[in-house]
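Encoded as structure tokens, the structure appears first; notes follow it.
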Amino acid sequence: MEESQAELGVEPPLSQETFSDLWNLLPENNLLSSELSAPVDDLLPYSEDVVTWLDECPNEAPQMPEPPAQAALAPATSWPLSSFVPSQKTYPGNYGFRLGFLHSGTAKSVTCTYSPSLNKLFCQLAKTCPVQLWVDSPPPPGTRVRAMAIYKKLEHMTEVVRRSPHHERSSDYSDGLAPPQHLIRVEGNLRAEYFDDRNTFRHSVVVPYESPEIESECTTIHYNFMCNSSCMGGMNRRPILTIITLEDSRGNLLGRSSFEVRVCACPGRDRRTEEENFRKKGQSCPEPPPGSTKRALPSSTSSSPQQKKKPLDGEYFTLQIRGRKRFEMFRELNEALELMDAQAGREPGESRAHSSHLKSKKGPSPSCHKKPMLKREGPDSD
């Protein structure tokens with residue numbers, strides 16, 4: 001085959017070239033040349049060294065470098081419980097200390113609203129919440145006002161109220177003064193001091209008491225609540241109370257008052273919903289003093305006014321009916337209605353008079369066995 005192609009002078013296609021021809025096409029400094037094999041041999045240890053090393057350490061395996069230990073996931077932080085639960089009982093003291101709030105409705109646009117029936121403040125995250133301080137007589141100089149949050153339910157009271165880890169790490173709403181873990185802040189007061197009690201671990205914020213301005217009867221402090229009530233890792237839907245105390249310069253108590261707080265997205269809606277539920281439960285009715293007798297509420301049947309009897313219509317109407325069969329049907333229907341009126345006792349005298357009038361007007365009813373005789377008039381009759 002090759003000889004025949006050589007004789008004809010036709011070159012074979014590439015697929016028909018021999019292996020020797022392809023080998024000659026490779027460059028001289030190929031990967032399989034002996035020049036590149038020498039450095040590789042130098043990298044390998046001599047056989048004598050390997051034998052010596054195995055004889056010296058027969059029981060030791062080659063030690064591989066240990067991989068760096070993976071950073072273990074940090075466990076959930078368990079904050080220490082407080083051994084001190086502050087009192088939440090209202091104490092006006094000698095100065096008649098009490099709190100007040102601005103009147104606001106339940107519109108969706110409100111950012112802060114107070115419910116007097118619930119003694120509860122509804123507000124949005126980091127929004128201004130004005131709290132009024134009322135006193136009957138001015139307290140001594142150096143008096144301070146402290147605000148502290150505690151959990152309302154008994155099973156949570158020993159836990160410290162703090163912000164959620166998400167809000168603690170967030171740089172939003174950071175003023176550079178308040179610690180990131182504090183829930184309550186004071187807005188617009190550079191004299192505010194934030195305390196972390198070393199013994200009770202409670203968080204509080206203290207501001208100096210300022211006398212009311214001219215033509216004003218109360219002092220107003222603007223608070224901010226820096227975490228939602230529904231935040232996981234924080235309040236986690238647990239109700240909280242804010243305790244406002246009036247203290248002298250030595251920390252002695254002069255007055256105390258408290259209110260519940262809910263930090264939510266729509267304060268007006270939540271206030272309206274909780275007040276409706278409160279009224280449905282009947283808790284809005286004040287309890288009678290001890291020793292007083294409760295009056296039973298009248299039953300609904302006796303309290304409801306009696307329905308007035310509608311007088312029977314005394315008018316009479318004449319209805320022309322075509323066909324005796326239809327007439328009998330309407331007559332029976334009318335008698336049934338008259339009987340119902342008589343049994344109901346509505347205007348019995350008038351019903352009897354009305355039925356007698358119908359009988360006299362109708363005349364004797366034809367017998368069902370006798371066919372009434374009707375005179376047929378022909379076309380010639382007058």
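Glycine is treated like the rest: Cβ placed from N, Cα and C.
Residues or ranges marked as DNA-binding region in Swiss-Prot: 90-281. Residues belonging to the DNA-binding region (90-281) score a mean pLDDT of 95 in the model.
The Zn(2+) binding site annotation in Swiss-Prot covers His167, Cys227, Cys231. For the recorded site, Cys227 (Zn(2+) binding site), the DSSP three-state label reads coil.
Residues or ranges marked as ubiquitin cross-link in Swiss-Prot: Lys280 (among others). Counting only same-chain residues six or more apart in sequence, none has a Cβ lying under 8 angstroms from the Cβ of Lys280 (ubiquitin cross-link).
Marked as ubiquitin cross-link by Swiss-Prot: Lys281 (among others). For Lys281 (ubiquitin cross-link), other Cβ atoms within 10 Å of its Cβ number 9.
Annotation source Swiss-Prot lists SUMO cross-link at Lys375.
According to Swiss-Prot, the phosphoserine annotation covers Ser15 (among others).
Following the DSSP three-state reduction, the secondary structure of Ser20 (phosphoserine) is helix. For Ser20 (phosphoserine), no same-chain residue lying six or more positions away in sequence has a CB closer than 8 A to its CB. The feature phosphoserine is assigned by Swiss-Prot to Ser20 (among others), with similarity to another entry given as support.
Residues or ranges marked as phosphoserine in Swiss-Prot (evidence: similarity to another entry): Ser33 (among others).
The feature phosphoserine is assigned by Swiss-Prot to Ser37 (among others).
Residues or ranges marked as phosphoserine in Swiss-Prot (evidence: similarity to another entry): Ser171 (among others). Ser171 (phosphoserine) falls within neither a helix nor a strand when secondary structure is assigned with DSSP, and so counts as coil.
Summarising the annotation, Swiss-Prot assigns phosphoserine to Ser258 (among others). Long-range C-beta contacts of Ser258 (phosphoserine), restricted to its own chain and to partners at least six residues apart, with a cutoff below 8 Å, comprise Gln88, Thr90, Leu241, Thr242, Ile243, Ile244.
Annotation source Swiss-Prot lists phosphoserine at Ser304 (among others), citing similarity to another entry.
What Swiss-Prot lists as phosphoserine is Ser381 (among others), and the listing cites similarity to another entry.
Under the heading region 'Interaction with CCAR2', Swiss-Prot lists 1-309, citing similarity to another entry as support.
Residues annotated as region 'Interaction with HIPK1' in Swiss-Prot: 88-359.
As annotated by Swiss-Prot, region 'Required for interaction with ZNF385A' applies to 88-289.
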(message) Looking only at the region 'Oligomerization' (314-345), how are its residues distributed among DSSP helix, strand and coil?
(response) 21 helix, 0 strand, 11 coil
(message) Between Cys227 (Zn(2+) binding site) and Lys108 (site 'Interaction with DNA'), how many Å separate their Cα atoms?
(response) 20
(request) List the helix, strand and coil residue totals of the region 'Interaction with DNA' (262-269) as derived from DSSP. (result) 3 helix, 2 strand, 3 coil
(request) Tell me the Cβ contacts of His167 (Zn(2+) binding site) under 8 Å, same chain only and six or more apart in sequence, or just say none. (result) Pro180, Met226, Cys227, Cys231, Gly234
(request) Fill in the CA-CA distance, Lys108 (site 'Interaction with DNA') to Ser171 (phosphoserine), as an integer in Å. (result) 28
(message) Roughly how many Å lie between the Cα atoms of Ser171 (phosphoserine) and Lys281 (ubiquitin cross-link), rounded to a whole value?
(response) 43
(message) I need the neighbours of the Zn(2+) site defined by His167, Cys227, Cys231. Which other residues of that chain put their C-beta within 8 angstroms of the C-beta centroid, in sequence order?
(response) Leu125, Arg163, Ser164, His166, Glu168, Leu183, Met226, Asn228, Gly233, Gly234, Met235
